[in-house]
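Undergrad: Straight out of Swiss-Prot:
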type     : residues : note
TOPO_DOM : 1-306    : topological domain 'Cytoplasmic'
REGION   : 24-153   : region 'Disordered'
COMPBIAS : 36-50    : compositional bias 'Low complexity'
COMPBIAS : 81-90    : compositional bias 'Basic and acidic residues'
COMPBIAS : 91-100   : compositional bias 'Basic residues'
COMPBIAS : 123-138  : compositional bias 'Acidic residues'
MOD_RES  : 123      : phosphoserine
COMPBIAS : 139-150  : compositional bias 'Basic and acidic residues'
TRANSMEM : 307-328  : transmembrane segment
TOPO_DOM : 329-372  : topological domain 'Extracellular'
CARBOHYD : 354      : N-linked glycosylation site
TRANSMEM : 373-394  : transmembrane segment
TOPO_DOM : 395-405  : topological domain 'Cytoplasmic'
TRANSMEM : 406-426  : transmembrane segment
TOPO_DOM : 427-441  : topological domain 'Extracellular'
TRANSMEM : 442-462  : transmembrane segment
TOPO_DOM : 463-477  : topological domain 'Cytoplasmic'
TRANSMEM : 478-499  : transmembrane segment
TOPO_DOM : 500-513  : topological domain 'Extracellular'
INTRAMEM : 514-525  : intramembrane segment
INTRAMEM : 526-533  : intramembrane segment
MOTIF    : 526-531  : motif 'Selectivity filter'
TOPO_DOM : 534-540  : topological domain 'Extracellular'
TRANSMEM : 541-569  : transmembrane segment
TOPO_DOM : 570-655  : topological domain 'Cytoplasmic'
MOD_RES  : 601      : phosphoserine
COMPBIAS : 631-642  : compositional bias 'Basic and acidic residues'
REGION   : 631-655  : region 'Disordered'
């Protein structure tokens, strides 16, 4: 029975008993069985000896020996086998007499039996013991603390690795039913080992990483973590890589759990995309050349130094001046003179002969090159061009530089000036070639001048609010596309309906379905200019339905856009707090070296570990720099506080 029990356990299906305590239990069970069998054998041997002592004459046994001898003379092989069997029986009888002397008090407890039966039981017992010894030598189960000696610890009872990376290689469990118990803050989970082994780089999938959380007393892994989050973590292993956040778990808490269980950056990024956030851009590397690095920091990172902050202020002022000039030149007081100057520069003298204002402009020598607006525009373009060329020279990667949307905006804001300048020079060199060509050149110049309005987006390089707005719009492209699609369907539907509803009205404003597009857009967006309105009852009903549908259409995607805006706003706020903390920490000479290394290695990204951020903040508060700030901020302190502050200053002096 014991052999069957051991083989069943070693086949790989009973993995819930602690390995060390299971070995101890088996050892105690074997010891009890050995004592009970020895006592029974001693009792039977005593009874047999008593029967043989009262059996009469000694001829009986002598007769048996003669019979066996006669039989063995006819069969030599049988005689040899019988002699070996006789020797075995004699040896076992000696063991019986030895056990009888060890347990003389058990002779009255067991009934008498035949010698053959006793020998058969002893033979089975020895075979069982030999099989158990072979299994222990093969390493099917661990030894108990008695086998290890008095110096055995719980760490010795943990599953050992043979170096092959298999984890529990010394325990021959079957992969199909080897199970593991995981305790998360008192909530027990049970799964198969092969399920966790699908992701060997994670905390639960790597035997070496999870061993530190193993509890040998209960044969389970204990994690003092968030319990509701582990349902999704375990489902990640069971589903082969699908990570879904539980509804009752906040986003930041679940993100911390994903990082703790080391599911990987790819799983975290995929989870963030499923939650509706855009994939974060990788941190841009700095140039390797020290000179280029300093230039890049000056023009790209205004917060890096005071000169960089000054360059950013100059850039913002130039952008504002350019935008103001772009708006002022469209005033009627300046627009007429500027158009005449451009016409004179283009060679349109014949058209301006009858213009009363033309002679004084032409006689005064006004050209586009001495126009005040052109001069100010030239100064702004010189700065924009200088800034763009320097940043292009010092950038770490030319390919990434020209792919950046901000740099594309810089190019678009610079090109119109050079195109306009080239067109003016070509017109002066070629002279007037007809009114049609002049009209064409004026139209092109107006379009090119309109492109200059994109310079306002250059402010987003120095404005956190515009950056947050840009991130929000980019993260909400799916919702914005859905909103536009719904509006498109509504415009087509309601413009057609109002056209046919107003078709019989002679004074209607809706002469065609395309004419009704404007009314449908204005009504669905709840603007309602009133320039076009339905007159009939049917048209008014259609207008009412159009307004209600517009409210519902716009209201559905708006919460998602607002949620994205709140996320980017809070992320930027936390980023500013973390940057301020980092600057204060680096300037503190009394901060521990391990925390100082974290501060210096931390980037400007606000997606860092929140626990690490809190740890760094606590380190700053507990350092001598934090105590110094407390001492400076207090006016009326107790005697103990004054002594603490003086001691802190003394320590600073010693340092």
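Just so it is clear, glycine is given a Cβ too, placed from its N, Cα and C backbone atoms.
In terms of burial and nearby residues, how do these features look in this structure?
TA: Helix first, then strand, then coil: DSSP counts for the compositional bias 'Low complexity' (36-50) stand at 15 helix, 0 strand, 0 coil.
Long-range Cβ contacts of the transmembrane segment (307-328) within its own chain (Cβ-Cβ under 8 Å, at least 6 residues beyond either end) map to 297-299, 301, 334, 373, 376-377, 380, 383-384, 387, 449, 452-453, 455-456, 458-459, 461-462.
Taking Cβ pairs closer than 8 Å, the transmembrane segment (373-394) reaches residues 287, 292-293, 295-296, 299-300, 314-315, 318, 321-322, 325, 328-329, 334, 338, 401, 407, 410-411, 413-414, 417-418 in its own chain, all 6 or more past its ends.
In the predicted model, residues of the topological domain 'Cytoplasmic' (395-405) average a pLDDT of 86.
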Undergrad: Going along the chain, which residues at least six beyond the ends of the topological domain 'Extracellular' (500-513) come within the CB cut-off of under 8 Å?
TA: 519, 531-536, 538-539, 541-542
Undergrad: Taking helix as H, G and I and strand as E and B in DSSP, count the residues of the topological domain 'Cytoplasmic' (395-405) in helix, strand and coil.
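TA: Split by secondary structure, the topological domain 'Cytoplasmic' (395-405) comes out as 7 helix, 0 strand, 4 coil.
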Undergrad: With DSSP helix as H/G/I and strand as E/B, how many residues of the motif 'Selectivity filter' (526-531) fall in helix, strand and coil?
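TA: Split by secondary structure, the motif 'Selectivity filter' (526-531) comes out as 0 helix, 0 strand, 6 coil.
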